[in-house]
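Contents: one structure, followed by commentary.
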Amino acid sequence: MESESESGAAADTPPLETLSFHGDEEIIEVVELDPGPPDPADDLAQEMEDVDFEEEEEEEEGNEEGWVLEPQEGVVGSMEGPDDSEVTFALHSASVFCVSLDPKTNTLAVTGGEDDKAFVWRLSDGELLFECAGHKDSVTCAGFSHDSTLVATGDMSGLLKVWQVDTKEEVWSFEAGDLEWMEWHPRAPVLLAGTADGNTWMWKVPNGDCKTFQGPNCPATCGRVLPDGKRAVVGYEDGTVRIWDLKQGGPIHVLKGTEGHQGPLTCVATNQDGSLILTGSVDCQAKLVSAATGKVVGVFRPETVASQPNVGEGEESESNSVESLGFCSVMPLAAVGYLDGTLAIYDLSTQTLRHQCQHQSGIVQLLWEAGTAVVYTCSLDGIVRLWDARTGRLLTDYRGHTAEILDFALSKDASLVVTTSGDHKAKVFCVQRPDR
């Protein structure tokens with residue numbers, strides 16, 4: 001969820017201890033949904049040996065078991081209704097926790113699930129290319145390398161495996177501690193992961209050269225490599241945030257105390273030029289941080305989040321948290337998704353709330369469409385929604401799952417959304433928007 005330099009305007013805004021959104025200039029618009037049916041990474045490369053950063057472009061195509069091309073009638077589940085999907089991948093036998101698309105061609109997906117399995121399959125027809133075999137615990141992380149030549153999978157026990165996509169052969173594996181997150185470097189065959197013992201690991205794949213970045217004695221709950229490829233931001237269970245120098249191995253900045261969060265970190269994001277970082281926590285706050293100085297330059301507080309009518313008194317603040325966040329690439333906007341179902345759109349230039357977009361259940365993840373002000377959300381009600389962040393209005397939604405959506409991915413040209421769910425399925429939705 002990297003976004004564009006226009007949002008860098010906020011970096012000049014003086015640090016704020018508190019932001020008030022009862023302001024006079026901005027109108028908060030709440031959209032109620034109808035509940036009815038309807039490449040400067042050379043230093044790092046040399047440090048971990050010669051790495052080829054070249055990028056190319058091409059495709060893939062094809063058909064096999066484990067897929068359904070047409071919407072299915074009479075699906076049993078608590079969210080029965082229309083199925084807007086084009087393809088359903090049905091080889092998992094339990095909840096599907098994660099999905100990632102190959103960045104080079106956007107023709108392949110990798111999914112991992114509670115059935116201890118991960119599969120690489122084709123988006124056009126759901127054909128299985130190969131199974132990433134050998135996991136003995138739920139596969140919670142999966143992703144392709146920057147050039148789509150490698151695919152990594154990680155399970156909760158900390159077993160990580162990497163396969164060569166073209167040969168379908170396993171080329172590397174490693175057992176770390178209990179896994180919290182995993183991410184490929186944006187320019188190199190380098191894999192990073194955070195574990196429950198507080199360590200962040202970095203390996204060159206497949207030769208296995210390894211570095212560890214020791215955090216506090218608590219889980220490293222989320223992490224993201226900055227766009228320059230030389231730094232990474234990592235959030236921890238104790239509410240602290242560290243920005244690491246990947247080459248030198250030490251922390252550049254540590255945010256703790258009032259600068260950090262008052263609860264475990266849930267998510268981090270950077271804008272496209274890497275000048276700004278957003279951090280989110282179960283303390284229900286999102287903090288805007290200057291990557292250069294490590295200083296908090298804005299705090300988006302939970303008082304702005306509308307309470308849900310169906311949540312019992314006293315529960316709302318305890319059960320609510322920031323679940324996902326990200327920067328728009330074309331306007332100085334940020335989006336924050338909350339467990340109570342609120343999507344908040346903030347103006348980074350003025351650090352004010354622009355819109356609140358209400359969902360009927362918790363938001364699991366959000367993604368900005370590249371080059372537009374459209375933000376996608378997936379939620380516990382099994383629906384994908386597209387929002388115009390300029391107006392706060394719902395553009396369209398996509399249905400088909402019979403349980404909560406647990407993860408989703410968006411193709412580069414925003415023509416496809418791929419979702420995974422507690423209904424044991426992954427689905428491919430064709431995005432059609434009247435406004436483009």
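Note that Cβ sites are derived from N, Cα and C of the backbone, with glycine treated the same way.
Annotations in TrEMBL come from automatic prediction, not curation.
The annotation region 'Disordered' is assigned in TrEMBL to 1-65.
Look at TrEMBL and you will find 40-64 tagged as compositional bias 'Acidic residues'.
Residues or ranges marked as repeat 'WD' by TrEMBL: 89-131 (among others).
Residues 54-56, 97-105, 108, 110-120, 179, 181-189, 191, 193, 195, 203, 205-206, 208 of the same chain lie 6+ residues outside the repeat 'WD' (132-173) yet bring a C-beta within less than 8 angstroms of a C-beta in it. Residues or ranges marked as repeat 'WD' by TrEMBL: 132-173 (among others).
Confidence annotation: the repeat 'WD' (227-254) carries a mean pLDDT of 97 in the model. If you look up TrEMBL, you'll see 227-254 (among others) marked as repeat 'WD'.
Annotated repeat 'WD' per TrEMBL: 258-299 (among others), in sequence order.
As annotated by TrEMBL, repeat 'WD' applies to 356-397 (among others).
As annotated by TrEMBL, repeat 'WD' applies to 398-436 (among others). Non-local neighbours of the repeat 'WD' (398-436) in the same chain are 38, 71, 75-90, 92-101, 103, 106, 109, 111, 113, 123, 126, 361, 364-365, 367, 369-370, 372, 374, 376, 378-386, 388; each lies 6+ residues outside the stretch with a CB under 8 Å from one of its CB atoms.
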